[in-house]
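Below: one structure, written as structure tokens.
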């Protein structure tokens with residue numbers, strides 16, 4: 001029974017919040033967008049060279065220490081240059097750098113690519129210390145808008161299954177498998193809108209609108225935190241993105257729009 | 001001990017109960033089973049079950065503009081706002097052609113900015129070329 005409890009606890013705490021950070025996590029969170037997949041792939045690509053270089057350099061270092069020990073080799077050799085070795089050790093690292101640079105730039109520029117026709121625009125506005133989200137694609141006037149604030153659930157309040165310091169009262173609902181434009185800005189100081197499993201980290205600068213595009217490939221709940229020191233409660237303004245199917249997104253938005261138009 | 005033999009608890013087997021060697025477990029009393037924890041998903045599911053007036057939401061927003069193929073979209077929002085006001089100046093307030101620009105700037109600009117600019121336009125202090 002006790003073992004069962006432990007297993008259950010382990011399953012619960014490590015698998016339940018799939019798209020949030022886990023205790024003692026070392027690797028990436030599961031990718032939810034092609035961008036994050038690209039970042040993970042680039043990381044693995046670079047790690048191939050990194051390990052290769054690490055092994056090679058350590059081998060040279062250990063070999064040098066071993067063979068040129070002062071007891072073994074009391075009179076140092078006075079070689080000042082060798083053309084062949086110098087050419088090799090210049091050209092070879094440049095080739096390695098090129099192999100790293102090509103996928104790196106490819107990813108960098110594809111992230112920068114502006115999606116020609118996104119399906120929806122969401123504005124994420126940072127405040128000290130909460131976020132406001134605006135869905136204004138469906139507005140028919142300047143006054144009426146689907147706007148809500150997203151505050152963290154206080155530390156003493158979360159229900160069973162909610163992540164401490166990560167859960168918010170109003171999640172950003174987005175449709176999955178849809179191109180989304182996110183306009184990130186701030187109303188006071190620098191903030192940053194960052195969701196690791198989406199591969200997004202976009203600074204929120206007052207007076208400036210930063211655009212970032214995401215395409216969430218699977219439905220789920222994705223957690224992120226403010227990533228630009230913004231004051232006392234910097235740690236307490238998380239981001240929760242809930243990706244739902246297009247149909248559910250439509251009904252969710254229309255449900256929230258109906259009471260508003262009813263009032264107006 | 002067969003898996004199917006177990007009735008409730010570890011000491012009680014079906015064969016023993018049937019042969020009368022052992023009394024069956026008492027039935028659960030009401031109120032001893034705690035309700036399952038409410039999951040956040042539950043509330044949404046209930047919402048969906050309620051029949052609602054079906055308003056079709058068209059997924060449509062301001063298209064990407066090749067004048068602003070960059071991350072910084074501040075000018076994009078501002079330009080759309082100017083375009084709208086130039087349009088209504090030229091064609092009149094109710095022209096349907098201008099509605100397009102209004103939708104674009106509403107999609108791109110924060111509400112706060114729009115409200116501030118609208119006030120400035122009303123007071124005649126808007127600094128932009130409209």
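Positions of Cβ are set from backbone N, Cα and C atoms, glycine also.
No curator has checked TrEMBL annotations; they are predicted automatically.
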From A:4-24, A:25-45, A:46-66, the residue range that TrEMBL assigns the feature transmembrane segment: A:46-66
Within the domain 'Cytochrome oxidase subunit II transmembrane region profile' (A:20-115), residues counted as helix, strand or coil by DSSP: 64 helix, 0 strand, 32 coil
Folded-back contacts onto the transmembrane segment (A:87-109), same chain, C-beta under 8 angstroms, at least six residues removed: 38-39, 41-42, 45-46, 49, 53
The domain 'Cytochrome oxidase subunit II copper A binding' (A:117-255), counted residue by residue under DSSP: helix, strand, coil: 16 helix, 61 strand, 62 coil
Mean per-residue pLDDT computed across the domain 'Cytochrome oxidase subunit II copper A binding' (A:117-255): 90
